[in-house]
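To start, the structure itself, in structure tokens.
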């Protein structure tokens, strides 16, 4: 099959390429689905379950840690071929702590499959993933999985897709049977029934629609035609004449899908080998090729003017490094080629630092195995060796000076002090931290200048736990960890004036600078951490020292006076000042700015803010009381509770400070039957008693400074 693809001329090859992601809530079965796709496309020759008895683990979960936990942590890239098309698949993590992996893979994809559980339906992480897909305008089809499970109801899930995710969700199939009776699907375009029989569901039987499903199939077929005809005049006319063809229907659905105005819904059970091949057909029929997607870049020579890239191999090269891994053979850089051609031996330039690199080896990846290739063209996803770069860097062949727009990276909400148990491991610890921070922009590290301790920051407890475990396993570093720390912030609540004169005379040239003005709170909805406004007139502060004042202000933002955390939401306006011809300098105005800021900050009724997390708990209804109680004890504000089929879903907002250790509490109070997910929602003021406690603790720890 691969030779057939190689013979196409590039434009044809591009039309027959699909770059897709498979995204979902944790435990919706997406790694199992990927495993089946690889099996049916002959990329693997045996099926292994995620938590299988054979101990092999799914193909895409290549890290030992993933096989043990049964969750996917890193996006593994792989490719396969189906009906003369090349499909590049990025398998993305479903746990909310790893959303940067999802963000990063969606950035380089052309379309995606949103996997939903036929029982649980749209869950919190489905909403997060969907929001990420919207941010990057990713067209998608939905696959309602696990229809073999007790309580499965695909039509309820479609309603949730419409209500919760606001999708124009239209089924292109209906199931033949449900739960233990799931046998296959009815295709609402061809109006035929398909049964998946034989070992591993390889034997697909096409038959007439069963009598008991004809009425429902006809009704859903009409609904599908109505929805599809909105995107095709040709189909509308054909419907009036009573002559619509399968081709017309598919073309109309494809147009609506790529325009993000319709979401075709497929059904089945990956675990029971039902419906996967028809979903693959849907990927070819309805999802975008690289030609269908507009990719933009910023022109560095023209004020970062937005330009549109062309999926054309004859144009100058533009590609994006979207993932880094330390493999057995050195750093592996996953790259998406957006324009032009990338070949072995070529010189490429990193736009973030203008460094040039020679391309030594190009590979196509299959989870953690690789296949050498000589070149890659627009639309390809491949891996490079030995290129030193960071995730999100743009490479060109030097003919263009452009960069892809930077990816949205959320700020970390939790930190932890770490130290190596044995000093002989310090070198390995430094190596591990250097690698992980390069691979994952939401995993950050720094050394506290006062305590000398190494601090790691991330998106949640599990996120940091996984990195601690990886340091032990991959680098042999045993760590001593401190208690988790919440990323508090400080801000002001009222307007306050400042007027500070810095004067210092120590023989020779002195220092002089006066800074006056006011600071005021920036409303939270403006999502601006700091704003500097210059209203000085008449040269009270010379122009060259205005930046010095700004620098002085900025140096105060790193550490507030209440509990030593960063300051956000402050607008500083300078409107007066004074200078001295001889004694004024950049440093004098920086120092004046620093003291003026502190003066204003302490008068502006400062307060402490804490991260509030959106928490969603799913569990059996019999434990609803225990779940509500556990959230109330944690200063939780219940937003919504819904009950369906003996299951309850509770949505709440809870301060991160009170969520540590929650998974253990939830497990023990619900016999391990409930699960929760959380993500950052916003910053909010801490209650007075908590603020007093934090300030008292800060004073005790910093009494030496007073």
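The backbone N, Cα and C atoms fix where each Cβ goes, glycine too.
Taken verbatim from Swiss-Prot:
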{"type": "BINDING", "residues": "24-31, 91-95, 145-148", "note": "GTP binding site"}
{"type": "DOMAIN", "residues": "15-291", "note": "domain 'tr-type G'"}
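All features noted in Swiss-Prot, drawn onto the structure.
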residue	record	DSSP (3 states)
24	GTP binding site	strand
30	GTP binding site	helix
147	GTP binding site	coil
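The Cβ of residue 147 (GTP binding site) has 24 other Cβ atoms within 10 Å, all protein chains considered. Note on residue 24 (GTP binding site): other Cβ atoms within 10 Å of its Cβ, all shown chains, come to 29.
The number of other CB atoms found within 10 A of the CB of residue 30 (GTP binding site), across every protein chain shown, is 28.
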